[in-house]
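Here is the structure we will look at, set down as structure tokens.
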Amino acid sequence: MAEIKYKRILLKLSGEAFKGATGYGIDIPTVRSIAHEIKHICLMGVEVAIVVGGGNIWRGATAAKEGIDRVSADYAGMLATIINALTLQDALEREGIVTRTQSALAVQQVAEPYICRRAIRHLEKGRVVIFAGGTGNPYMTTDTAAALRAIEIEADVLLMAKNKVDGVYTADPKKHPEATLFQHLTHMEAINKRLQVMDATALSLCLDNKLPIIVFDLQSSESLVSAISGQPIGTLISSES
């Protein structure tokens, strides 16, 4: 069994991770596959917290450009993350993994309110904790929520799972085939180069709190195991050069 480098992790799953090849919404087999990968690292003794996006259902910033009030659009996006969180919770529990969903929005019928100390206690008991509802504030992305929650629960690393993108490149590899992969960057380099790893607010939070980030392809075989074991995978962003 691989040796664990990161005992407590925050895994950021974008909404795109939920839609599989369907292009929109939720692809149940894809979600169950993700749950199976998460189960693997749980059984290794890793404490797992997850922040989910909602872009497979709704994108607040895009809706705002279409004329919808930005605050209302962002709250709708938060509700989309709750849908994804409940779907992932079900998939994890079908794998035998005890899971708790905490939401930054009050939806007491389906999720606990976000309470940091309670979340940490769940993790210490071996439960997976899914954070939904973003930060609970409009104008804040789920990447910022991921950075914030990772810092609050004192995670050892923030794992940014991407769809069919195996790290951070000098340019968009889909548009620029000549683009090269960064194996390592400092937080400041990622900010200064405007590489769109995540939004500047999230990156700044990670920089200020010296939180390492690993950007990797979720669909790559056993990528989560490689990431938590400290094996070379994707792009590592840290405070050290």
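Every residue gets a Cβ built from N, Cα and C, even glycine.
Because the structure is a prediction, the values reported are computed rather than measured.
Annotated features, as they stand in Swiss-Prot:
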- K12, L13, S14, G15, G55, R59, N163, Y169, D172: ATP binding site (BINDING)
- 20-25: region 'Involved in allosteric activation by GTP' (REGION)
- G54, D74, T135, G136, N137, P138, Y139, M140, T141, T142: UMP binding site (BINDING)
At a C-beta cut-off of under 8 Å, are there same-chain residues at least 6 beyond the region 'Involved in allosteric activation by GTP' (20-25) that contact it? List them, or none. 56-57
Expressed in Å to no decimal places, the gap between the Cα atoms of N137 (UMP binding site) and K12 (ATP binding site) is 18
How far is it from N163 (ATP binding site) to G54 (UMP binding site), counting Cα to Cα, in Å? 14
What's the CA to CA span in angstrom from G55 (ATP binding site) over to T141 (UMP binding site)? 11
What is the maximum Cα to Cα distance, in Å and rounded to a whole number, among the residues G54, D74, T135, G136, N137, P138, Y139, M140, T141, T142 annotated as binding UMP? 15
Cα within 10 Å of S14 (ATP binding site) is the criterion; apply it to the binding-site residues G54, T135, Y139, T141 and give the hits in sequence order. G54
CA pair T141 (UMP binding site) / D172 (ATP binding site), Å rounded to integer, equals 21
